[in-house]
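Summarising the annotation, TrEMBL assigns domain 'STAS' to 488-682. The transmembrane segment annotation in TrEMBL covers 49-68, 75-91, 139-169, 189-210, 222-239, 251-270, 306-326, 338-355, 375-395, 401-421, 433-457.
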Amino acid sequence: TDSLNEGNVNGIYIFQCDAKRAKNAALSLLPVIGWIRIYRIKEWLFSDIVSGVSTGLVAVLQGLAYCLLASLPPWYGLFSAFFPVVIYFFLGTSRHISVGPFPVLCLMIGSVVTRLVPDDGPAANITGFEGLTRDEQRVLVASSVTFLAGIMQLAMGVLQVGFVVMYLSDTLVSGFTTAAAVHILVSQLKFVLGLVVPGISGPLALIYTLEIIFNKITSSNVCDIVISLVIMVVVFIVKELNDRFKSKLPVPIPIEVIMTVIACGVSYAFDFRTRFGIDVVGHIPKGYEPPVAPNLQIFQETAVEAFPMAIVGFAVAFSVAKVYSVKHDYTIDGNQELIAFGVSNIFGASFKSFAASTALSRSAVQESTGGKTQVAGLLSAIMVMIVTLAIGFLLDPLPKSVLGAVVIVNLKGMLMQFREIPYLWKKDKPDCVVWFTTCTASILLGLDLGLAVGLGVELISVVLRAQFPRCSVLANIKGTEIYKDRKDYMDIYEPEGVKIFRIPSPIFFANIEFFRSKLVEVGFNPLRVLRKRNKALRMIRKLLKKGDLMFLRLQKGFLNTSFQPIKELEDESNMEELDQPTDFKDLPVRIDWNGELPANIVVPRVDLHSLVLDFAAVSFLDISALKGLKMALRELIRVEVEVYIVACDPYILEKLHDCCFFDDEVQPSMFFLTLHDAMLHILEKHPESTEKKFDNGKVRKARLPTFIG
């Protein structure tokens, strides 16, 4: 092991390894090595222990509760709160997130589980289901789809494509998680009401589930309803107190754990299961089950659902990790996070756990109770292991309605995201459309299809924003060298015959025609003017040739020598000839197109002599836009309008040179470094532009603005 330097000996590349590169590779693959070396035992260990114990208690409860969302026996949630946490301890880069079950992911897994192994009717025809109970079949489905999602995450991490989550905007994620909260709420109603409701998956599953619940609501278990209401009211009040007095409390009150213990004791003491017929957690097997291989046929059946699971699980965990990394001033690596979650899910699925991410409330507990590193996460996993191996039997009498109530009361944060709709509608209507469409589609079509619809709408909104941006005409703020949209200011300075047009987005094949149309709105249609002028020139030439028109040099004008009114001649030339530059070479004088023309010829007047294009916000040009831009510049130049392009990115300028953009008409001299430089040049070249005309026809010299620099 010497060096991983790449050398070339006689044309043969030799790869060597040295200690430094091996060390960097190890730190990259095992981030735990980096932070464990600087671990401050005296300062951090006690905080991590307190945090680990607190988080572990919450993880046990949430593991049992969220497992109900996945339509699995509750104790499998303890597996998901243990195995992924251990792997993330070694591979993860975040020091504060609590890895484990995430309600949205659990719900997505539950939809797959109930589709392949429904409550009523036979399971899907899958090899490997033979001889298994319904619960065992469901566990196999959940572990297999988790294994597949882990493979996808690991592949994305190895291929360094962690950037894909950037396409999930905060607005889209907010709408998606709000819809997921609605799904979770409906899915827990059967536990809160004590009803037997079959699991339904697919589009409109939520509507069908509500229909079944309302049809059976008269059969609700009063004991379950009372227990759920008490739990929800108490937990809600205490959580509000935790938020209000979090600066004064050393650690948040673990009210969910306290109420769960009380509910277990009361249920055991009064034998709720026998006396009131409520559904309880039941026997929790001790220890862990042997590893199991995933089912390849389930891979084929669930590949479409596994991909959004992989994306959503990583996106949520990465966004939470990013918040804490900024707060505590350390860096996280998106690609390494993908690898960490990929390996965690692959390893956990081998031991029958389901997809892991991070729950916001659990991560908040780990951070707020003083957690400094993932040592707290490892200790929380040890707490879960103790429950699994030793004291799980104490949870046997726990009513499932308690778990459902805990899940529902923790949905407050996600459900309150509905309040974003009025704000988004006032501030950004396209974002509001993305939010509402994502939420509605996810509620009606299911989370997987809803996410796809939301992503499609989001990409369409981005394309439309780039294709139809808000262009503006700029003006000078008097006494400064600042140029702003003239609609936003009153005391502005606009020289006569000069327009400043700002292009606020990249120019590409989809919006080049939009920009050309906006240029026409700002000034005039240069192609129409050019054709009118060339048509007028052709008419003047024919009249001079026939003798109906002659030029008087003394009067410096044309004289109509015909005693009959001159009619416009039929156009014998094609459009291509009319599009060429005006040519005065065989005429006795150059025509003043803004003056009086002979033979009653009318040509549109052009009051614009200079057009400035502000390219400060143009980040790129493609080939189609380049051709369209050159055509537009040629048309303006051919009607004697001087065009200036300012603040152009050097990369774009280099591309223009490489693509042979410049010629005899379109020249590099039209480019200026700043808008102010171009305006000074125009005012020096056209001093008459400083004259202001008033309605009474008089002309007064306008005071030039005081330019700085």
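Cβ from N, Cα, C; glycine included.
Any TrEMBL annotation is an automated prediction that lacks curation.
Worth saying up front: this structure is predicted, and the values here are computed from it rather than measured.
At the 8 Å Cβ threshold, with sequence separation of at least 6, the transmembrane segment (251-270) lacks contact with the transmembrane segment (306-326), having fewer than 3 such pairs. Note: the stretches the transmembrane segment (139-169) and the transmembrane segment (306-326) are in contact (3+ CB pairs below 8 A, sequence gap of 6 or more).
Of the two recorded stretches, the transmembrane segment (338-355) lies close to the transmembrane segment (75-91), with three or more CB pairs under 8 Å once pairs fewer than 6 apart in sequence are set aside. Long-range contacts of the transmembrane segment (222-239) within the same chain: residues 191-194, 253, 255-256, 259, 263, 272, 276-279, 399, 401-402, 404-406, 408-409, 412, each at least 6 residues beyond the stretch ends and with a Cβ under 8 Å from a Cβ of the stretch. Same-chain residues lying 6+ beyond the ends of the transmembrane segment (401-421) with a Cβ under 8 Å from its Cβ atoms: 61-62, 64-66, 68-69, 74, 103, 174-175, 177-178, 180-182, 184-185, 188-192, 194, 221, 224-225, 227-229, 231-232, 235-236, 239, 256, 259-260, 263, 278-279, 281, 360-361, 432, 435-436. As a whole-number mean, the pLDDT of the domain 'STAS' (488-682) in this prediction is 82.
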